[in-house]
């Protein structure tokens, strides 16, 4: 863990340094959105890389956190902190009801269950006009506040989001380096062997799934108070696929890889926007090249090559 602590410290210094170096609110906006997506992907990486389960509905959990907090703020005037806590409670309840039956079965039943859940939630967001605002979206969400202090600056929100991300990254790293983490790795590689040793596989999978859904909902709540307007088109099935792609591109069994994949795929479209009509083509080509030359993941592949270079 010492090496992990060092990497966390370096990343924290980079985040802190950027806050002094950058003066452009647009860049802070991009980096904040990157941090929010990385928070979702962090939980999804634990679920896919360690529990061996795929979720195709994490955009729905992201949206559930956003809409629960947003509705409580815009329509009922509830404080953001209480809104976030209630969003967590609702998301964990829904995730428990989905995961409890589907994770008892072998195979990727969770992927099918979360796919259906994502589609249902997307329809609810669009059709419940009186509650969610429907396709026009939900307006009037209050900025994040704690007591008398209200967070309104892009820089302040950037620092908050990345501080939350670093905290949960550290927590996740502690988890994967603990005995539970080693059990989860064994679960990914050989589930029957763990069953024969008497481990409660279902409880392990369910616990990771709930933690993963909780992080997605937290990111959604922070997103709602950041933009103060949310639309159902921000929480579609395609967004769930994008989250899974970030995990795969970064490295499916690497938390640092998931973080790198989220940063890479969040910032790349901003860079490619200058190419206008060729943006989608170039984006697709880059993804193909990454998977050809680093099939184990972009960050994992770079780490392996740097390690080989250092040894030589």
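Backbone N, Cα and C define each Cβ position, glycine as well.
TrEMBL entries are annotated by machine, without manual review.
The transmembrane segment annotation in TrEMBL covers 5-22 (among others). Within its own chain, the transmembrane segment (5-22) has Cβ neighbours under 8 Å at 28, 31, 155, 158-159, 162-163, 166, 169-170, 173, 256, counting only residues six or more beyond its boundaries.
Among the features that TrEMBL reports, transmembrane segment is placed at 28-47 (among others).
A Cβ distance under 8 Å defines the sequence-distant neighbours of the transmembrane segment (54-74), meaning residues of its chain 6+ beyond its ends; these are 40, 43-44, 47-48, 80, 82-84, 86-88, 90-91, 94-95, 98, 108, 110-111, 113-118, 121-122, 125, 131-132, 138-142, 209, 212-213, 216-221, 223-225, 230, 232, 234-244. Summarising the annotation, TrEMBL assigns transmembrane segment to 54-74 (among others).
Summarising the annotation, TrEMBL assigns transmembrane segment to 80-100 (among others). Nonlocal intrachain contacts for the transmembrane segment (80-100), taken as residues 6+ away from its ends with a CB within less than 8 angstroms of a stretch CB, comprise 57, 61, 64-65, 68-70, 72-73, 110, 113-114, 117, 142-146, 205-206, 209-210, 213-214, 216-218, 220-222, 225.
Feature annotation from TrEMBL assigns transmembrane segment to 107-125 (among others). Same-chain residues lying 6 or more positions outside the transmembrane segment (107-125) and placing a CB less than 8 Å from one of its CB atoms are 53-60, 63-64, 67, 94, 98-99, 101, 132, 209, 232, 235-237, 240.
Under the heading transmembrane segment, TrEMBL lists 131-151 (among others).
Sequence-distant contacts of the transmembrane segment (158-177) (same chain, six or more residues past either end, CB-CB distance under 8 Å): 1, 4, 8, 11-12, 15-16, 18-19, 28, 31-32, 35-36, 38-39, 42-43, 46, 50, 144, 151, 184-185, 215, 218, 222, 226, 255, 259. Summarising the annotation, TrEMBL assigns transmembrane segment to 158-177 (among others).
According to TrEMBL, the transmembrane segment annotation covers 206-229 (among others).
TrEMBL lists 241-268 (among others) with the feature transmembrane segment.
Cβ atoms under 8 Å from those of the transmembrane segment (280-302) belong to residues 245, 248-254, 256-257, 259-261, 264, 268-269, 272 of the same chain, restricted to positions at least 6 beyond its ends. The transmembrane segment feature in TrEMBL is assigned to 280-302 (among others).
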Within-chain partners of the transmembrane segment (206-229) [C-beta distance under 8 Å, separation at least 6 from its ends]: 32-33, 36-37, 39-40, 42-44, 46-47, 50-51, 53, 55, 58, 61-70, 73, 80, 83-84, 87-88, 90-92, 94-96, 99-100, 103, 110, 137-144, 151, 157, 160-161, 164, 168, 184, 235
For the transmembrane segment (28-47), sequence-distant contacts whose Cβ falls under 8 Å of one of its Cβ atoms, 6 or more beyond its ends: 18, 22, 53-55, 58, 62, 154-155, 157-158, 161-162, 164-165, 168-169, 172, 175-176, 184, 208-209, 211-216, 218-219, 222-223, 226, 243-244, 246-247, 250, 252, 254-255, 257-259, 261-263, 266-267, 270
